[in-house]
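Trainee: This is the feature table in TrEMBL:
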| type | residues | note |
| --- | --- | --- |
| REGION | 1-21 | region 'Disordered' |
| COMPBIAS | 1-10 | compositional bias 'Polar residues' |
| DOMAIN | 51-513 | domain 'Major facilitator superfamily (MFS) profile' |
| TRANSMEM | 59-78 | transmembrane segment |
| TRANSMEM | 98-119 | transmembrane segment |
| TRANSMEM | 128-145 | transmembrane segment |
| TRANSMEM | 151-172 | transmembrane segment |
| TRANSMEM | 184-203 | transmembrane segment |
| TRANSMEM | 209-230 | transmembrane segment |
| TRANSMEM | 309-328 | transmembrane segment |
| TRANSMEM | 348-366 | transmembrane segment |
| TRANSMEM | 378-398 | transmembrane segment |
| TRANSMEM | 422-446 | transmembrane segment |
| TRANSMEM | 458-479 | transmembrane segment |
| TRANSMEM | 491-509 | transmembrane segment |
Amino acid sequence: MGKTAYTINGASAGLNGRDEKQERSQAAGKMTLDEAKQPEVSAFRRILPQILASTAKNFLLLDLGMAVAFPTIVIPALRGIKNRAPDEFLHFSPQQASWFGSIAYICQPVGSVLSGIILEPLGRKRSMILVNIPHIIGWFMLYNAGSLEEMYTAAILLGLGVGFMEAPIVTYVGEICQPSIRGILTSCAGVAVMLGFFMVYLLGTVTTWRTTAAICASIPIATMIAICFVPETPMWLLSKDRADDALKSLQWLRGWVSPKAVEEEFQEMKRYSLNSAKCAICVKTSVSTCQHPPLTEWMKLKELTRKRNLRPFVLVMLFFVFGQLSGLTGMRPYLVQIFQAYGVPLDANWATVSTGLLGLLANIVCMVSIKFVGKRRLALTSMAVTALSCISLSIYAFNTFPSGWTSFDIHSGTSHVSSRGYIPMVLFFMLAFFTSVGVLPVPWILLSEVFPFRNRSLACGITAALHYVMSFVTTKTYFNLESAFSLPGVILFYGLMGIIGLFFVYFFLPETEKRTLEDIELYFSDNKRKLTDIHIPRRNRDVEAVAAVSTLAEKTKEKEGIDNTAFTDSDK
């Protein structure tokens, strides 16, 4: 009986031991699952390196904004309207002023196309370092300019530099950011550009344009230093078969984490990179590996005529056109004299500074709200308000100004309109604010998202080039339009074009916010989709929204034949 009792007790003890082991195993499994669900780093640390990399890139855009805004302070000074230095010996006629205000734009397309070509072999990072060289030379030439020819040459160099910047800037931020913050960080570009506008307007008000040029020369130097400390994009490194470097870059960009923490996203990037590297024939036949030779530059150009490239190109290009014709772009080099012609109660120089400050605040509003409001709503709202502002300005001018009133004439006084000058001042401020909320930044944000990876660099370069051709036409023809139709007539024309742009955005612009680059590429690759079908389905979950899974769950999915946990049938 003792033996029996011992045996039973022993068995019971063994059973209890197994239960305890099982409980410990389950507890350990639960802890493993809980640990797997916990991110390796905090959310702040995960986005901090992406913010730092975007900030380094934004120094380029700060310089870009300064270059575009610079004619606004030079033209009134050299035409003797405002802030002419006593020892200044250069002088602009109206025609010469129109050339200086627009010549940079016609040179920017050359830089944009070349940047799209050299971007792939050099990479995004090296390209962003090299593009600063023309600007350094251009700013110092402006500071020491002794003739109008030297000023035109410096403007050409600044235009080429701005064009060179476009492709690397646009592609870099789109390829380093997670989908949930891509819109915010891309919209920071507008903040940097408008900060450049504001700084130049402010410097041009408190000092001479030559001193302003000398101060601006420090920005590209600081930019070259800052970009040396950020990594190359993982997507470009993968396209060059540098998987180890791509993984290290992704680890840096996701919070200086271990390879395991980014393994899932890295595998998804590799899959996307492999698919992007395939030619059109291999994509259609679902071949795992493309054996065809790499595309030549001519073949890449021919590839741009495919619908998946052509449709986003037309969409963004038309958005750029309507954005250019919304009013502020054409008027920007002549804002000081336009404010004087309207008789605003604020000094014309400080009114121009105010538009720069409002543009900066508007871009901050865009950056903060784009994640919640979306690009489409921002574009619709801003396009509507800018169109109404231009139409209201023209109605005010038609009812107040004498017939044929232009801003290029030297008026003896504007006392007959100064008592009501606050009305156009408020309307101009509304125009400046809402232009920078959505009309100008949204198409640039779209440019970083809508093109397929294999053609993104070249497509971005060509689109930016055509945008600057349109900018040149808009700016250069402003003098002719105002001379032909008067100041209120040309502003009415801009208002009507804004109304047409509003309808275009409403019917054809899809919402890309919170969509992965692959979702967007699949949307534009669907040849059966109607142009007015503006819904982009979310075929893939955002990488950062995918919960980490335990080792047991991963093995289970592998047994079921699923080798990529970031893309399952439930997400299709």
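Just so it is clear, glycine is given a Cβ too, placed from its N, Cα and C backbone atoms.
Are these features on the surface or tucked inside, and what are their neighbours?
Mentor: The list of residues near the transmembrane segment (59-78) in space but at least 6 beyond its ends in sequence, with Cβ under 8 angstroms from a Cβ of it, reads 84-85, 88, 90-92, 97, 100-101, 104, 128, 131-132, 135, 138, 142, 151, 155, 158-159, 161-162, 165, 169, 189, 192-197, 199-201, 203-205, 208-209, 212-213, 216, 219-220, 222-223, 226-227, 332-337, 348-349, 352, 356.
Tertiary proximity for the transmembrane segment (98-119) is limited to same-chain residues at least six positions away from its ends with a CB under 8 Å from its CB atoms, namely 67-68, 71, 74-75, 92, 127, 131, 134, 148, 151-152, 155-156, 158-168, 171, 297, 333-334, 457-462, 464-466, 468-469, 471-472, 475-476, 478-479.
Long-range Cβ contacts of the transmembrane segment (128-145) within its own chain (Cβ-Cβ under 8 Å, at least 6 residues beyond either end) map to 57, 60, 63, 67, 70, 90, 111, 115, 122, 151, 153-155, 157-158, 160-161, 164-165, 168-169, 172, 209-211, 213-214, 216-217, 219-221, 223-224, 227-228.
Sequence-distant contacts of the transmembrane segment (151-172) (same chain, at least 6 residues past either end, Cβ-Cβ under 8 Å): 53, 57, 60-61, 63-64, 67-68, 70-71, 74, 90, 99-100, 103-116, 119, 124-125, 127-128, 130-135, 137-139, 141-142, 145, 189, 220, 233, 444, 447-448, 456-458, 460-461, 464-465, 468.
If one looks beyond the transmembrane segment (184-203) by at least 6 residues along the same chain, the residues whose Cβ comes under 8 Å of a Cβ in the stretch are 50-51, 54-55, 58-70, 72-73, 169, 173-174, 177, 211-212, 215-216, 349, 352-353, 355-357, 359-360, 362-364, 366-368, 370-371, 436, 440-441, 444-445, 448-449.
Taking Cβ pairs closer than 8 Å, the transmembrane segment (209-230) reaches residues 52-53, 55-57, 59-60, 62-63, 66-67, 70, 73-74, 77, 83, 85, 125, 128-129, 132-133, 135-136, 139-140, 142-143, 145, 161, 200, 203 in its own chain, all 6 or more past its ends.
Within the chain carrying the transmembrane segment (309-328), a Cβ under 8 angstroms from the stretch's Cβ atoms is held by residues 303, 379, 383, 386-387, 389-390, 431-432, 435, 439-440, 442-443, 446-447, 450-452, 455, 459, 462-463, 466-467, 470-471, 474, 491, 493-495, 497-498, 500-501, 504-505, 508-509, 524, 531, all 6 or more beyond its ends.
Panel annotation: around the transmembrane segment (378-398), residues 319, 322, 326-328, 342, 366, 369-370, 405, 423-424, 427-428, 430-431, 434-435, 437-439, 442, 487-489, 491-492, 494-499, 501-502, 505-506, 509 of the same chain, lying at least six beyond its termini, place a Cβ under 8 Å from a Cβ of the stretch.
The list of residues near the transmembrane segment (422-446) in space but at least 6 beyond its ends in sequence, with Cβ under 8 angstroms from a Cβ of it, reads 170, 183, 186-187, 189-190, 194, 312, 315-316, 319-320, 322-323, 326-329, 339, 342-346, 351, 354-355, 358-363, 365-366, 370, 375, 378-383, 385-386, 389-390, 392-393, 396-397, 467, 512.
Same-chain neighbours of the transmembrane segment (458-479): 94-95, 97-99, 101-103, 105-106, 108-117, 119-120, 159, 162-163, 166-167, 170-171, 300-301, 304, 309, 312-313, 316-317, 320-321, 324-325, 329-334, 408, 443, 447-448, 451, 490, counting only residues six or more beyond its ends whose CB sits under 8 Å from a CB of the stretch.
Non-local neighbours of the transmembrane segment (491-509) in the same chain are 315, 318-319, 321-323, 325-327, 330-331, 375-376, 379-380, 383-384, 386-391, 393-394, 397-398, 481, 485, 531-532, 534; each lies 6+ residues outside the stretch with a CB under 8 Å from one of its CB atoms.
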Trainee: Find the average pLDDT over the domain 'Major facilitator superfamily (MFS) profile' (51-513) in the predicted model and report it.
Mentor: 86
